[in-house]
Every structure is written in C-alpha cells, then in structure tokens.
Amino acid sequence: MTSGSQGAFEAARRIVFKVGSALLVDAETGAANRAWLEAFCADAADLRAAGKQVLVVSSGAVALGRRRLGLTGRKTTLPEKQAAAAAGQSLLMRAWEEAFEPHGIGVAQILLTRDDTEMRRRWLNARATTETLMGLGVVPVVNENDTVVTEEIRYGDNDRLAARVAQMAGADLLVLLSDIDGLYTADPRKNPKAQHIPRVSEITPEIAGMAEGANAAAGVGTGGMATKIAAARIARAAGCATLITLGSRPRPLAAIAAGEKATLIEAGASPAAAYKAWIAGSLAPQGWVTVDAGAASALLAGKSLLPAGVRAVEGPFDKGDAVRVRDENGREVARGLVRYDSADAQRIAGLRSDAIEAELGFTEGPMIHADDLAVAH
C-alpha cells in the first residue's frame, strides 16, 4: 500500500530539497560529507530521469568556511561568521559539483536574502533566473547570502528559506531532510511513548505545540522541528506540500520513494491556484492598464497581456508591482504583476511584441505573463 508521503513524492513534478549542515558537513572533521552527497545526488539523478525537476537549498558554507579559516571550536562573531561564509561558499559548490558531475548534471549557485523573496521586483528576477536554470537542465543550489546578510534581512534558518524558494519556484513538494523521521507527539529520544504522526492535513495549534515539544537541538545547524513546521506553514499557503523525513539514511531520497517513515503536511491548494489567489487578494494594486476588447477576451481565456492590446496606462508603478486590468468600459477583468514600470509600459502600449526592443532597448516579453495574472470572476 502506498503511504501518503510516498504518493506525494511520486506525484510531485518539481521538488525542493533542504539539506542541513548536520547532513552535509562531517561533524568530526568539518569537511564535506562526500559519501552522503554522492548518495543524495545519485537519487536526485534518478528523479530527474523520471521527469522530475530538482532544486536544492543547501546549508554548509559557514561550517565549511570555519574549518578553512581555523575558526572551529569556539563561538564566532558576526564578522567571522560572514568571513566563514565567504570562504565556505566555493567549498560548498565544489562539493555539489563533484557529486553531481558523474551523472552529467550541472549545478548553479543562487544566493538570496529575505528581500529577494519579499520585494516583488527582486522576487521576479530570482524566479526568472531559477526557471532559466531549470530549463537548461541545471540544478539550482540555493543558500542564504550569509556574507552580506544582516539580522534585519536574514531568514534565520534554511527551513524557512527553503519554503520561500518552494513558493518562488512554484514547487509542489518541499522535502526537509532532518535528523528525525518526521513529527512526533513528543521528542521520541526523550519520551518512549511518543507517537509518530504520518500525515497532517492542517497546521493547528496542537500540531504547532507538538513541534515545540519535539524541538530537536541541532549540533551544527540552526533548525529544529518548530522551524520545520513554520516552513511548512509558508509552503502550505503557497500550495506546496511538505515532507519531513530522516536525511541520514544511506539513500535518503530512494527511502522516501520506498515508503520509509516520514510526515506529510498537505498543501492547501495547488501552487498555481495559491499564487493567483495571492495576486488577487493579498497585493495592493498600484495602477491601471486599460485594454481593448480582444485583449480582454484573451485574458479571460487564460492568455498573457501583450502590449498590442493595451490602450492606456495609469501609474506610477514599478516593474513587479500588482496592477488592475480593465476593459474600455471600465470593468476590471484581471489583476497581475507587470513586467515593465509605468513609464516603459506607456511607451510600448499598442506596439507589437517584436517592436518592444527597438523602442526600449530591451524586452521583458508580455506586459503581464499569464502565470502572473489572476482573472476576475
């Protein structure tokens, strides 16, 4: 019989895997755990061969950099931690490159701060880069930019970063590889009566309380069960399910596919539906775009908004802002994230798509892409 976790894993087409320092870095030597990385990448290659897309959110740069700079065995200051991150990033990426290379898979590093997933313009740019990399068959390896991040703009832990990446990438599954095989009613290492919870349909206060009670103290990283539930809450709101499972198994991803013990936290909706609901209901529109009847019909049919169908632009708004789209009778037909600021949108209104670059010197494609449009009902 297929478990809920196993079924979700099989059905997922785009998966974000969060790998913590405790898995990636050997606690005794402070070096990359090559054997574990090779096993993970072999499993990831099998997933890609099955038609799935894989993204990795990887800790480890600071831990690897501490060893390189001789900062182990004591508490580090913030500047020392940032220096360790700078020294460790190349070591981290080299480890991932070497582990994926035998499978003919390339990797690319993406460094983010919280602003990159919360400021819409930067969010759109990060999403476009991620999509391009995956389209080229490359595995994005994402980490927080610890070299420049400050307390005000840091995620705090890579569980929440992974959830934001899953949201940004439109993933349908987030896998948090942990030091425990899922959520329990209490910490099973302290309470022999603790019961495993295989499936969570809603994150209730009771579930959050269990996570607090079962919070694991990590030896190398910063995340515990409470942060994983917080991450799952973010992912769930974005239409992405979350799997919490034991990452230290010899073939961690194959173990999920085989139905080994894990906790599945179900998604609230599909990623696309959740994203469009966010556009429609959570963002304050910054301007108006008036379109002709043909463009209005195309939008209602699920098409992108091309500049040729735009009759008027009212701003000001920036690239990435939400705008209202109305027909020539003043009826709102959609809301969406615009790919041009209001000044550029006014310049290309009414132009054919192949004339945009000649007018602006660049092109971002349609004025609003269909993926970034929520049609009014």
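Placement of Cβ uses the backbone N, Cα and C atoms for every residue, glycine included.
Record features, source Swiss-Prot:
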type    : residues                                                                      : note
BINDING : LYS18, SER178, ASP179, THR222, GLY223, GLY224, MET225, ALA226, THR227, LYS228 : ATP binding site
BINDING : SER59, ASP146, ASN158                                                         : substrate binding site
DOMAIN  : 286-363                                                                       : domain 'PUA'
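Applying an 8 A CB threshold to same-chain residues 6+ apart, the list for LYS18 (ATP binding site) reads VAL56, VAL57, ASN158, ASP159, LEU161, ALA162, LEU174, VAL175, LEU176, LEU177, ALA231. Across the binding-site residues listed here (SER59, ASN158, THR227), the residue whose Cβ sits among the most other Cβ atoms within 10 Å is SER59. It is 14 Å from the Cα atom of ASP179 (ATP binding site) to that of SER59 (substrate binding site). DSSP states for the domain 'PUA' (286-363), grouped as helix (H, G, I), strand (E, B) and coil, give 26 helix, 21 strand, 31 coil. Secondary structure from DSSP puts ASP146 (substrate binding site) in coil.
All chains included, 25 other C-beta atoms sit within 10 angstroms of the C-beta of MET225 (ATP binding site). The Cβ neighbour count for ASP146 (substrate binding site), using a 10 Å radius over every protein chain in view, is 22. Mapped onto three states, the DSSP output places SER59 (substrate binding site) in coil. Cα spacing between MET225 (ATP binding site) and SER59 (substrate binding site): 16 Å, rounded to the nearest whole number. Among the record's substrate binders, SER59, ASP146, ASN158, no two C-alpha atoms are more than 11 Å apart, and one pair sits at exactly that spread. Put simply, THR227 (ATP binding site) is 15 Å from SER59 (substrate binding site) when counted between their Cα atoms. Put simply, THR227 (ATP binding site) is 19 Å from ASP146 (substrate binding site) when counted between their Cα atoms. In this structure, THR227 (ATP binding site) is part of a helix by DSSP.
Mean per-residue pLDDT, taken over the domain 'PUA' (286-363), amounts to 94.
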